[in-house]
Amino acid sequence: MNIKLEKMKQNQECERRKRIAEEKHKEWVQKKKEEERRERKRKLSKEMAEKATRELEKMQLQEKAEVKYKEWLKKKMAEEAEKRKKEKEKEKEREAELQEKRTRSEKIFKEWLQNARTKPQPALNGSDVPHGKYKGLY
């Protein structure tokens, strides 16, 4: 009876130890899973933060590039406008010079025409000589 009781106690002790070991194992597994879950969550949040930071930097860089492009474009437009303005001024100067030249030419032509009317006509090949042939004395 004592032996049976002793065996039973041993079995119960063995069962109890097994249960405790299983419970501890379950706790350990659960703790490990929880730890892994937290680690994944932490990594995910870290990746999301890094991604957000990269996106923000990319947006800032893009905005900066856009601002620089707009400044460059504005500068180019101003240069083009200045160039067109200078070309127009040169064209106006050329036109003014041409107009002045025309006016001067017309004035000179009119003076010449006026003078040509009042100038005596040159004599033809001598006086009263028919067909430019001399007959007799010089």
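Including glycine, each Cβ sits where the backbone N, Cα and C put it.
Now, the feature entries from TrEMBL:
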type	residues	note
DOMAIN	4-127	domain 'Coiled-coil'
COMPBIAS	25-38	compositional bias 'Basic and acidic residues'
REGION	25-56	region 'Disordered'
COMPBIAS	45-56	compositional bias 'Basic and acidic residues'
COMPBIAS	79-110	compositional bias 'Basic and acidic residues'
REGION	79-138	region 'Disordered'
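Counted with DSSP, the compositional bias 'Basic and acidic residues' (25-38) comes out as 14 helix, 0 strand, 0 coil. Per DSSP, the secondary structure of the domain 'Coiled-coil' (4-127) breaks down as 115 helix, 0 strand, 9 coil. Mean pLDDT for the domain 'Coiled-coil' (4-127) in this predicted model: 93.
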